[in-house]
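Contents: one structure, followed by commentary.
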Amino acid sequence: MASKFSSTLLLLLSILMSIQLLVSAGNFYRDVDITWGEGRGKIQEGGRGLALSLDKLSGSGFQSKNEFLFGRFDMQIKLVPRNSAGTVTTFFLSSQGEGHDEIDFEFLGNVSGQPYTIHTNVYTQGKGNKEQQFHLWFDPTAAFHTYTIVWNPHRIVFLVDNSPIRVFNNHESIGIPFPKSQAMKVYCSLWNADEWATQGGRVKTDWALAPFTAYYRNINIDGCAVSSGTSSCKSIGSTNNAKPWQTHELDGKGRNRLRWVQSKHMVYNYCADSKRFPQGFSAECKSSRF
């Protein structure tokens, strides 16, 4: 009964989040550039939607026109349906260069009837190894769902339909680097990664089913745009007139939802992989996940 109630609550949150984004959504013509794919990426619905396709020759992708240092980034996505094995659909933030910062949502396809895997990771100064993976409590190919990255100097929060699935806190005080100095753009793509994406690379992409298509809608960015080294925001250390994302942290209900997702739907956690890290886990793994 509790599980059924939690699923119903998450569905209601999804509906409310969709209504909010319809009011505040950006426009793909205005906000992004299609950067690769030779015509496989197409803006639709007067700028409200964007489709990315993948065939045996190439995938496709786009990036935001602006780069940002902190913000809230919402994207509605409907993933590749049916047999999506070998494909990877992405929504992430990244800076440039060898020592780049990055905050990842990657959606790893699977054979028909098997769940997508949401792969999350955080890179700081070119180093990642902070993976957590989840299976969703709904079919992400049947309708659009909202995926969100909240990034401020204190923490990074990954949300699905406004429900937190992961929190990565700033643990610089114990020597763990945190991305806070490099501005990042939003990137989205659909590409082939059948050497590793599905069941460790055992299942390959079935090109007879191509083209594969993922749909994006209602991009919404509320962040500190950076141009020529200058941020559009005043000091975000101040709480005066701060936007919600600038001080975002989980309340009691949010912590309960996070516990539910992580107990029922997490399928990999770098903080529990002793075979991969026999020398011991990273220091932040011993700290509170909230």
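Cβ coordinates come from backbone N, Cα and C, glycine included.
Automatic prediction, not curation, is the source of TrEMBL annotations.
What TrEMBL says about this protein:
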- 1-25: signal peptide (SIGNAL)
- 22-216: domain 'GH16' (DOMAIN)
- Glu102: active site, nucleophile (ACT_SITE)
- Glu106: active site, nucleophile (ACT_SITE)
- Glu106: active site, proton donor (ACT_SITE)
- Asn110: N-linked glycosylation site (CARBOHYD)
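The Cβ of Glu102 (active site, nucleophile) has 18 neighbouring Cβ atoms from other residues within 10 Å, across all protein chains displayed. Note on Asn110 (N-linked glycosylation site): other Cβ atoms within 10 Å of its Cβ, all shown chains, come to 20. The Cβ of Glu106 (active site, nucleophile) has 19 neighbouring Cβ atoms from other residues within 10 Å, across all protein chains displayed.
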